[in-house]
Amino acid sequence: MARRHWALFVSIMCLCMAAGKSQQEKLEGVDVEEVCADRPADEYFRLEADGDCREVYRCTKSGLKEIQCPSGLAFDVIKQTCDWKAKVTNCDEKEKPRKAQPILKTDEPICPEGKLSCGDGECLDKELFCNGKPDCKDESDENACSVDEDPNRAPECDPTQCALPDCFCSADGTRIPGGIEPQQVPQMITITFNGAVNVDNIDLYDDLFNGQRQNPNGCSIKGTFFVSHKYTNYSAVQDLHRRGHEISVFSLTHKDDPNYWSGGSYDDWLAEMAGSRLIVERFANITDGSIIGMRAPYLRVGGNKQFEMMADQFFVYDASITASLGRVPIWPYTLYFRMPHKCNGNAHNCPSRSHPVWEMVMNELDRRDDPTFDESLPGCHMVDSCSNVASGEQFARLLRHNFNRHYNSNRAPLGLHFHASWLKSKKEYRDELVKFIEEMLGRNDVFFVTNLQVIQWMQNPTELNSLRDFQEWKEKCDVKGQPYCSLPNACPLTTRELPGETLRLFTCMECPNNYPWILDPTGDGFSV
């Protein structure tokens with residue numbers, strides 16, 4: 001599934017140069033200056049609404065540049081991307097709707113102190129801007145709310161006010177916690193998986209984490225699993241947790257509408273993530289309060305609403321924000337202060353306010369085949385989104401080159417993020433990952449740890465020569481014993497929320513009355 005999803009994503013993003021009628025003929029009579037006045041350089045728009053919906057233009061210094069979607073696709077001016085023609089509903093619209101902007105920067109103040117100006121000149125209290133509900137008559141108070149624009153945004157990093165263990169920030173995100181010299185910093189590698197845990201991938205996890213591969217401190221290597229609900233075998237999740245792996249949440253419904261996530265309300269995020277945690281705790285019998293991390297589906301970050309919910313529900317970290325490929329990778333940080341890098345990735349909906357939450361930032365991977373020679377390419381955040389990696393040999397080069405990028409600079413944790421189906425799509429991928437893990441474990445300064453263990457080290461930065469006794473990494477060090485149950489209940493269940501579907505819920509616990517879903521996460525039933 002994930003493989004097909006990425007292939008579709010790559011093909012959708014492919015914009016081809018237009019052919020046919022010459023550009024000069026099409027632009028006859030068009031006043032370029034008028035068309036491009038006050039228009040962002042990266043915005044695509046149509047010149048006419050009665051064409052085939054494939055052609056769009058953008059303004060460049062040399063005039064209008066025409067782009068055409070591949071055959072069978074149409075351009076969505078709202079999403080600003082090509083999509084399947086049947087899914088594009090705005091072919092009759094020429095451009096993205098223009099939103100009124102507040103007047104925030106003026107030579108002379110136009111409002112009394114503590115107030116700001118709406119686009120129409122009305123003055124309102126500063127706190128009302130970017131609070132999630134329109135207060136200006138022209139609604140402009142909610143239209144300039146990015147990390148850099150929000151008038152109530154988090155302040156820039158102030159190291160005198162931000163001290164470990166609770167707060168960590170640096171001006172550009174590259175500073176090593178505790179001021180330790182790079183040679184004394186353990187190179188942490190986090191292997192994370194997104195999606196359901198079930199018969200399709202349990203054998204892969206058992207193979208990678210077989211208990212025989214040990215970090216230099218004598219503890220078995222660990223991974224982090226962002227679990228989505230549907231089709232998950234909770235007895236398998238229970239056993240992963242028993243063996244010391246970290247279980248985090250990846251949502252309850254995993255809805256495939258990206259706007260549901262980036263535009264989600266506080267209550268949407270609460271139902272999806274706290275609901276998902278409730279289900280995992282109950283049916284995988286995880287009672288130690290250890291489910292403290294989450295990742296947004298499609299990495300569609302939910303802005304301040306997501307992080308307000310996280311703080312209220314005691315989620316410690318998010319792992320959805322990506323950092324563009326740079327010369328030096330970025331360390332995880334807390335969001336008390338402003339993010340130290342540009343808001344990159346899907347929908348650019350990063351949190352602008354201050355939140356008591358850690359961000360386990362996803363540093364993009366350098367996917368070039370020969371980094372010393374190849375021209376630069378955009379990075380990729382999930383390993384399976386590195387679309388040019390098509391063989392085990394290329395995957396092996398990707399792993400080692402990115403390891404060296406981190407190891408030879410500031411030793412920020414290296415994140416290797418997967419959908420299990422990609423690793424299983426070719427045996428050589430799995431073999432190369434195992435080879436890489438075993439090669440790294442031959443060193444005495446590389447550790448495969450969970451996201452939580454990265455935060456624990458950052459809260460108490462400890463030099464390599466003292467790590468053998470680092471207590472936070474000793475918990476569930478080398479687990480022996482048997483799974484909680486060898487034959488889980490295979491509960492055939494239905495829910496009124498998914499009419500016509502019977503779903504199996506595998507759990508060592510008792511079967512619930514209904515299949516747990518968004519309005520009924522316990523499965524006990526609900527009244528309409």
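Each residue, glycine too, has its Cβ placed from N, Cα and C.
Unlike curated records, TrEMBL annotations are generated automatically.
Take the candidates C111, C118, C145, C157; TrEMBL pairs C130 in a disulfide bond with C145. Among C118, C123, the cysteine that TrEMBL records as disulfide-bonded to C136 is C118. For the disulfide-bonded residues C111, C123, C130, C145, a Cα to Cα distance of within 10 angstroms from C136 (disulfide bond) holds for C123. Reported as a whole number, the C-alpha separation between C118 (disulfide bond) and C111 (disulfide bond) equals 10 Å. DSSP states for the domain 'Chitin-binding type-2' (33-93), grouped as helix (H, G, I), strand (E, B) and coil, give 7 helix, 21 strand, 33 coil. Between the listed disulfide-bonded residues, namely C111, C118, C145, the fewest other CB atoms within 10 angstroms of a CB are found at C111. By the criterion of other Cβ atoms within 10 Å of the residue's own Cβ, the least surrounded of the disulfide-bonded residues C123, C130, C136 is C123.
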